[in-house]
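A.B. asks: Please see the structure below; I have some questions.
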Amino acid sequence: MSPQPAPDLAEDKERETNVLIESAPESPVKAAEEGDGPGRQLSPVAWLRMLARELHWSFVLGVVATYGVSQGLGGGINRVASDYYWKDVQRVQPSVAQVYQGVTSIPWMVKPLWGLLTDVLPVAGYRRRPYFVLAGFIGVIAMLIVSLHSKLHALFALLALMSGSASVAIADVTIDACVTENSILHPHLAADMITLNGFCSSVGGLIGFSISGFLVHAIGAQGALGLLTLPSALVILSGMLLKEVHTPNFPYGQAHKKFVEASGKMLTALKCPEVWRPCVYMYMSLALSVDIQEGMFYWYTDRKAGLSFHEGFIGFMFAVGSVGSLVGVILYQNILKDHPFRSLLFTSQLFLSLSGMLDLILVLRLNLKMGIPDYYFAAIDEGVSKMINRVKWMPLLVLSSKLCPTGIEGTFYALLMSIDNIGGLTGSWVGGLLLHLLRITRTEFKNLWAAIMIRNVMRLLPLALLFLVSNSDPNSTLLPSDLLNEDEDGEGNQMENIELTSLAVDSSFPDKSPRECGNQEGLDAEQDDDEVSLLPNKG
């Protein structure tokens, strides 16, 4: 266990931290609670103005551009347009499209790498601006290649779409770094920033899904993908306008040392049974939840053997799924968040398997015997499935946040999210293999019901691994004490020293001394519920 600092040093550090927090600009929301403000129920416009005034308008523009336009709006359009691109332009089989969709998510699995780059490798003295600009240019070039090349080979199309995914992932990591940096400097606005992120992402996603089908119908899949150059261009603009301190002489040697220290601590944490056992469960639960969405999509849109859904309805159906996901967040936050991990994961995994039976009812056309048209039943199916998926995902996010050792919370959390994304990729590839083995093709769907049944049964298998997860509730401490205590004397303020990704707190503030970088422990206490309830699903 790390030695405790001398009493006078600890008191001095605490006193200076308190002075920093007390000297931070007072939020109008906080003042409203004390009776000095206009009231806590600020209008959305007044709330945005308050954030722009407190945090600088360029930061708010960056959040809107990245979460709202690039991830939300662009993500909704890309989800539908890419499905039609593989089906109608590249004309690949559903099993191949399923594998390709998994491949395009690979950049999200290396988010710790993007975070390390933004923290330890400044460009021209700036940590954030160059990476926004880089992400935007990658996205513009990738989408132009896909949209303008009429006979692009499938391999190059895959690389271009994967580059577009990397563009969004890099921008996501960079704006998260800005958010967590501001969370230290303005701890009273931490929850407001998380709410802004979730609000922009949700609204953008709803709009993107709602218009995606109509765009594909009007200008084709390639044209819709070409429009994604606009969100990337906005990311470039937000990066150029971002207010950031210039640091001309960065100590790269010291950054390498911090990286080595963080890597060693991550390896130590992964050897701890309290950590690796839940990690195994999280990976297996996602890998065994086989994804056959591309097979369903081909069946939805086939004009002879399928349901012949048009592009507009496909976009609407995914929008209903986005609403169902939001409902799942609300259910978890208000009803389920205090339930023990094991019982909640058992229930959600069971219901996830049962919800898959809705697909079986639709494929066997039993819904028509119930008097429910295909359009209504498919929309209900999508909304219910996404709601249960979100309820299952939320406790995994909370569990991940409880497994992060002190001092490398951000880096380790990014690592856990990468493990989850690898699990999702495995499930996608197994689903592609299943579609191939059952000979489900572009026009042949007679065995689709069997694929659904196998998927539903496989979703029950993670129940046998629940013993790997602690039965404690989310308010309990899961890590042993030696991973929670921090050496403040020898390693001093590891939060700014080895916090090397953007999922928690930025690693350094060039214009401030180490003692002026804030109190993350106080921030964690303030964000106990809000932080985990609004974390997005990128993968």
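Numbers run from 1 along the shown chain.
Each Cβ is built from the backbone N, Cα and C atoms, and glycine gets one as well.
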A.B. asks: Which range is it, out of 50-70, 260-280, 344-364, that shows up in TrEMBL as transmembrane segment?
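C.D. replies: When 50-70, 260-280, 344-364 are checked in TrEMBL, transmembrane segment belongs to 344-364.
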A.B. asks: Counting only residues 6+ away from its ends, which parts of the chain sit with a Cβ under 8 Å from the transmembrane segment (154-175)?
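C.D. replies: Contacts of the transmembrane segment (154-175) (Cβ under 8 Å, skipping residues fewer than 6 from its ends): 62-63, 66-67, 70-71, 74-75, 78, 82, 85, 90, 92, 100, 103-108, 111, 114-115, 118, 128, 131-132, 134-136, 138-139, 141-143, 145-146, 228, 232, 235, 239, 501-503, 538.
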A.B. asks: Is the transmembrane segment (196-219) packed against any residues at least 6 beyond its ends, judged by a Cβ distance under 8 Å, and which are they?
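C.D. replies: Sequence-distant neighbours of the transmembrane segment (196-219): 48, 51, 60, 63-64, 67-69, 71-77, 79-81, 84, 179, 227, 310-316, 318-319, 321-323, 326, 534, 536.
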